[in-house]
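Working notes for the structure below.
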Amino acid sequence: MKPPILIIITSTIILGTTIVLFSSHWLMIWIGFEMNMLAIIPILMKKFNPRAMEASTKYFLTQATASMLLMLGIIINLLHSGHWTISMIPNPIASTVITIALAMKLGLSPFHFWVPEVTQGISLSSGMILLTWQKIAPLSVLYQISPSINPNLLVAMAATSVLVGGWGGLNQTQLRKILAYSSIAHMGWMAAIMVYNPTLMILNLTIYIMMTLGTFMLFMYNLSTTTLSLSHTWNKSPLIASLILALMLSLGGLPPLSGFIPKWMIIQELTKNDMIIMPMFMAITALLNLYFYMRLTYATALTMFPSANNMKMKWQFESMKKMIFLPPLIVASTMLLPLTPMLSIMN
């Protein structure tokens, strides 16, 4: 893709999300979502092949359906309240329809089927944008309407998302699909806390985005898309192998890494709200996620997989990719646990 075109498309994506973030008018929010959706499709088809084409079509159809439902919810709300402003949504039907539309945009279960398929069909860099940047706008709208969302609906979606995100990734060997299922599970954690403490959702989203960006950048640096190609990393660059280990464990939510902070705080907040079964269920299903992250760390850093050469020295060409944001992202994704007291005060 030529640089001027790429700049125009990227700025439209950024502008679309920014409009959604800063609007208090439902129509402007809908327009922001549309701009964002139409501009992301050329990014998904950057490496043009039939799989990318199929993935982009799936993405377009799902997001277009979600946009249609969102507009339906907005119009029902308009008919009942008489204004376009984002505030309390008095009508339960409008609230439910809008929540379902945003869940479709996020890939929450039971509307999660497109996430692994689309992520697998596109390049690593496009997948990185899809699983990080594209989550910001729908979550910001859910944050704004959180007082009028039906808690039972959102908690049910959250529980199934955490379960699907854990189960779906178990037998995968493709890294993009593993990260897609991981994204579904993380969205489930965010949806679970949305009604009770929306600020915690923002904290979870921030840490999730940092961890996912770091993971995708390491995979892009290695050009790894499968567990097999990742398992040869120890021979090529042992440091990268150990960094992948740390990031995977952080994504799994193990203390003393950053990924433990949101899980700890969400479980604490849910128990404060007299919910015992839900956080227990989520903590147990998080073990499924931890299992497939452990499989990746085992394949990458804990075993010496057979390699093509007999001399255990670096023999491939050095990667010339410049990853300037990788060091701060890795530090932020693994070492933020001491900041927990400060973060808990902010919440």
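Placed from the backbone N, Cα and C atoms, the Cβ positions cover glycine too.
Predicted automatically and left uncurated, TrEMBL annotations should be read as such.
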Write down the single range among 121-139, 178-196 that appears in TrEMBL as transmembrane segment.
178-196
The transmembrane segment (178-196) touching the transmembrane segment (275-294) per 3+ Cβ pairs under 8 Å rule:
yes
Taking the transmembrane segment (84-104) as reference, which of 5-22, 57-78, 153-171, 202-221 has the most Cβ pairs under 8 angstroms?
57-78
Using a Cβ cut-off under 8 Å, which residues of the same chain at least 6 positions beyond either end of the transmembrane segment (202-221) come close to it?
124-125, 127-128, 131-132, 135-136, 139, 143, 175, 179, 182-183, 186, 189-190, 193, 230, 240, 243-244, 247-248, 250-251, 258-259, 261-262, 265-266, 319, 321, 323, 325-326, 329-330, 332-333, 336, 343, 346-347
